[in-house]
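Notes follow once the structure below has been shown.
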Amino acid sequence: MASQQETDQQVNETVAVDDEGFVVDTEDCEARELAFRERGTSRPITVVGNPVLHQECQDVTAFDEELARLVDDMFASQRTAEGVGLAANQIGVDRKVFVYDCPDDDGVRHVGHVVNPVLAELPPERRVLDDANEGCLSVPTAYAELARPDYAEVTGQDLHGNPIRVRGTGYFARCLQHETDHLYGRLYIDRLSKRDRKDALRQMPEGTPRYPVVPNN
Ligand SMILES: [Zn+2]
């Protein structure tokens, strides 16, 4: 996910979890993000129209060195593009993986990755919609208001194959939903009304992305 328009960021191998079994992704953020990114190579970002963004990605079945390198490259690419979240198909890789480096509404930074994410269904009383501006590195320079639940839980695995659960509120909840959507072939503009989608796409050619992109044929 793109950083908010108004504003313009070794490592534990075992996953720390809180009392409720959710990943603790708020500690040692700077060191963890740096370690991934420094091992990785930044890659250009795919943009709307590229088929890899519009189809469900493949499940990850091998938790090997190649997957670890992919996560490294995703952190490097996310940093170059100044994103707060990045899905594998945004660097052209057809695998269900996303990374994030995202603040919540309390200004707390969350850094992590999820392999094979599945968004948990929320009971109706937890579905409180939050209207906010959303952007995407794959829809460069465009933004649109989109209502989404202000709380999200994602289950999946870490890059070693350990089962994990991640939860977030506010802007970070939005990020978790946005990135999971990507891996099922859905962009945030696909959730907009026809008119708003058109408006967002129209904003694209008016701006120039601040990061390398993969040209569409
Ligand atoms: Zn996106």
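Using the three backbone atoms N, Cα and C, a Cβ is placed for every residue, glycine included.
Since the structure is predicted, the reported quantities are computational estimates derived from the model, not experimental observations.
Annotation for His182 (Fe cation binding site): same-chain Cβ neighbours under 8 Å, separated by at least 6 residues, are Leu53, Ala87, Asn89, Gln90, Phe98, Ser138. His182 (Fe cation binding site) falls within a helical segment according to DSSP. Among the features that TrEMBL reports, Fe cation binding site is placed at Cys136, His178, His182.
Sequence-distant neighbours of Glu179 (active site) (same chain, six or more apart, CB under 8 Å from its CB) are Met1, Gly85, Leu86, Ala87, Phe98, Tyr100, Val114, Pro117, listed in sequence order. If you look up TrEMBL, you'll see Glu179 marked as active site.
The Cβ of Cys136 (Fe cation binding site) lies under 8 Å from the Cβ of Met1, Ala2, Ala142, His178, Leu187, Tyr188, Ile189, each of which sits 6+ residues away along the same chain. For the recorded Fe cation site, residues Cys136, His178, His182 set the reference point as the centre of their Cβ atoms, and the other residues of that chain within 8 Å of it by Cβ are Met1, Gly85, Ala87, Gln90, Leu137, Ser138, Glu179, Asp181, Leu187, Tyr188.
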